[in-house]
């Protein structure tokens, strides 16, 4: 197997930008072309003793066990440790529930193996599809930042890294096709019942849209999102006053910063609320309201968030 040095250098550069300083890097490999390319790049770029692979059997298709075996066999040939994780997918939206089950299993695997970072094979075309889907839903900055290059996902304690966000789908497929390794083509990737599949088809047909440029725009938006979050964190650390039943946070001239610190105050008191919901409330200009069981008041240059007292029974 020979991968062009330029591709390996790009992969290593992306890992370095993600501040990879962990002893072992976990790889989530499904057996598809994207994740198999990531496995091959990682095996060339890093000492295989620094790699560990997990492949998840969702039990949704008869071929799933065979696909996991394909990944395990590739890892054996490369000298990389591999574990097959079997999960049960709850009823409901299949893709959503499968994702929840997958990341929960990956988180448990990472804890057991002492792995602090797991790389997934999301790439520039995935990023472009995500950005367009979220624009279509009217998402705010947090949503338009797209697939984060490094993040934490609920239910999974390890850092999730996306070192392929500057790679295109076609070049990843070419890497695998030029190797001695097989890959699988998940039929759900062509099932137009799913929003992402329809968006992928629309993007392919719109030759005036540049997926790589869209992915770069998402990266710029991610940087803006990080900056706003840093401003909110500094405001919180410098001025928030927290007690068991009340949190006071400062008012700023930025709606987004206000929303982030008010949301943090509310979640500190036990509320479950999204940033978008807080932004919509603040845009109304109301100075007092009960939201998600929290009384939010603006007085002078501060927001006061307090737990709503229990209702008295007659």
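Easy rule for this one: first residue shown is 1, then count along the chain.
Backbone N, Cα and C atoms are what each Cβ position is placed from, and that goes for glycine too.
Automatic, uncurated: that is what TrEMBL annotation is.
Along the domain 'tRNA(Ile)-lysidine/2-thiocytidine synthase N-terminal' (27-201), the predicted structure has mean pLDDT 92. Residues or ranges marked as domain 'tRNA(Ile)-lysidine/2-thiocytidine synthase N-terminal' by TrEMBL: 27-201.
According to DSSP, residue 30 (ATP binding site) is assigned to coil rather than to any helix or strand. The 10 Å shell around the Cβ of residue 30 (ATP binding site) contains 22 further Cβ atoms across the protein chains shown. The feature ATP binding site is assigned by TrEMBL to 30, 31, 32, 33, 34, 35.
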Subject >> Count of other CB atoms lying within 10 Å of the CB belonging to residue 32 (ATP binding site) >> reply: 20
Original post:
What is the Cβ neighbour count of residue 35 (ATP binding site) at a 10 Å cut-off, with all protein chains included?
Top reply: 25
